[in-house]
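Participant: Sharing a structure with you now.
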Amino acid sequence: MADQKMKERRRVSLMIMVLFFQVLSASLHGCLAAIGQGQPPRKPTSIHPRAGVRSSVFLPVSGNVYPLGYYSVTIGIGNPPKPFQLDIDTGSDLTWVQCDAPCTGCTLPRDQLYNPSKKNFVDCKDPICLAVNSPNPPQCKNPNEKCCFQVQYADHGSVLGFIVSDTFPLRLVNGTLSKPHLAFGCGHRLQNRGLHPPTPTAGVLGLGKSKASISSQLSSMGVTKNVFGHCLGDNRGFLFFGADFVPKSGMTWTRMLQSSSDKHYSSGPAELLFGGKPTGIKGVNVIFDTGSTYTYLNLKVYETVLNLIRKDLSGKQLHDVKDKALPICWKGTKPFKSMRDARNYFSTFALSFTGSSNVQLQLPPENYLIVTEQGNVCLGILNGAEAGLGTTNVIGDISLQGKLVIYDNENQMIGWANADCNRKFGAF
């Protein structure tokens, strides 16, 4: 399988992480045995609100959709802080890093792994352990057992480890330095996680909706409001926590779907438009997931999209071509140098959210196509059924580029606006 295909499979599996999240008793027993029991009890990690002046945190983002296939931030952990590059993922809750415990299957050199001490372990009875393992409560034989986790991936990979808590020094926009103790996963057993080529990231920054996510923890400690946003550019962008960067106007907002079974940032139903016209596809629910490089649609929607594009290209000087980057590609009369050269051949898709008036997520060509190293243009919308997603529709990084996207957990809303994410905040 081609390198880019292998990388893309990883990116889809990160989104599936929450769908397949479970704590397996046999695996937990092995984890508990590996790290020992009976350590001195530590102060429980608070996940309840505390008084304080809430501010915001601003973090630069690096990465791209192609050829890297991921976006990341660098965050310091510990005292003194050690930098870790983490893949930003709105499709999963738990933040985890590769951990020297010792580690089996880690992709980074040992000196770049997180090295926990006894005081960092989170006990099985700690409230944050319950939040991490929800809805399956951990089976604690005694209060001093260590809190373990196991993440199962759709590609049969997995990460096993234990929950730890450490200092995350964060410079707030009000000028103060906050040092909250946040809980995260220390992954010491990685299986089938070999990437081709391997990425330099140390783990995942989980931005999901549960109490275990970084945004929820910062909010519960009174550091920021439970609001965060991202802006993904060609090679850089930014991520923020808190409400200080939320524009007072110019945003398009839609309500998050609320159900006991849906723990993702989902919205819908929406109608699919192409070139401003109805396609006959209605009732589409979507998940906003920065843990997926590309956008995945269920079989019916995917086939409709592909047929519409091919019909629209009829008579134009583009021809099918094989390219290792993605399954569906076209070549022109001469190699494309950028999306600027290719975009005029294609039309704009849009998701019109039927629960709200005039709420549309516009997907111009640059939000569903890439230009490869071979100078071909390839479709960054993939068949979700082939990726094991069933009827789920995922809006990935490619469709979130060039947009400020905000997840307001306080008001259960998702918002977006066109933005120049390659420039500093404020250039909308």
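Just so you know, glycine gets a Cβ as well, placed from its N, Cα and C.
Unlike curated entries, TrEMBL annotations are predicted automatically.
From TrEMBL, for reference:
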| type | residues | note |
| --- | --- | --- |
| SIGNAL | 1-33 | signal peptide |
| DOMAIN | 71-417 | domain 'Peptidase A1' |
| ACT_SITE | D89 | active site |
| ACT_SITE | D289 | active site |
Participant: Could you tell me the C-alpha distance between D89 (active site) and D289 (active site) in angstrom, no decimals?
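Facilitator: Here the two Cα atoms are 7 Å apart.
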Participant: Could you pull the average pLDDT for the domain 'Peptidase A1' (71-417)?
Facilitator: 93
Participant: Quick check on the active-site residues D89, D289: which one has the highest count of other Cβ atoms within 10 Å of its Cβ?
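Facilitator: Highest number of other Cβ atoms within 10 Å: D289.
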